[in-house]
Amino acid sequence: MKRLSLAMVTLLACAGAQAASEKVEMNLVTAQGVGQSIGTVVIDETEGGLKFTPHLKALPPGEHGFHIHANGSCQPAIKDGKAVAAEAAGGHLDPQNTGKHEGPEGQGHLGDLPVLVVNNDGIASEPVTAPRLKSLDEVKDKALMIHVGGDNMSDQPKPLGGGGMRYACGVIK
């Protein structure tokens, strides 16, 4: 009986030690609305920060800006009198109101993630880690965004790393 009890305690302890994980469905976005799925990104809590593992297809090859945005919506919204893709997601997650784009290692936006790398076949599968984000609770009900073009992790020479328009989006539940 003692062995059975010890086995149950060990099993429960191991189950409780399992890190949290969330799968985010990613969809193309346009000024008209949310489009087709291009795959998923799995977010895992790790000792080194939140790890984002993409399982994505149909993306333009190269580097893309990759961010957590403040609002949990991928819908278009009006900006300067025009409908803009996924504008309802708001800006980069910045709970400290730093107003700075300094990348995942810097002290600016908390939503700044490492760039997403897409191979020549349009597939993204390389995980990236955001060391300043420790818990899924920090990103719950926020939007995960892929931008057209790269990100130099600076506000110079262009604001927000020079990334382009919003290309794909998913809501973190």
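Each Cβ is built from the backbone N, Cα and C atoms, and glycine gets one as well.
Bear in mind that the values here come from a model prediction, so they are computed numbers and not experimental data.
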Where Swiss-Prot annotates a disulfide for C74, which of C14, C169 is the other cysteine?
C169
Rounded Cα-Cα span from C74 (disulfide bond) to H67 (Cu cation binding site), Å:
13
At the level of the C-alpha atoms, what whole-angstrom distance separates H101 (Zn(2+) binding site) and C169 (disulfide bond)?
20
Considering only the recorded positions C74, H109, C169, which fall within 10 Å of H92 (Cu cation binding site) when distances are taken between Cα atoms?
H109
From the Cα of H69 (Cu cation binding site) across to the Cα of D112 (Zn(2+) binding site), what is the distance in angstrom?
9
Pop the Cα-Cα gap between H109 (Zn(2+) binding site) and C169 (disulfide bond) into the table, whole Å please.
18
For H109 (Zn(2+) binding site) and H69 (Cu cation binding site), what Cα-Cα distance in Å is obtained after rounding to a whole number?
10
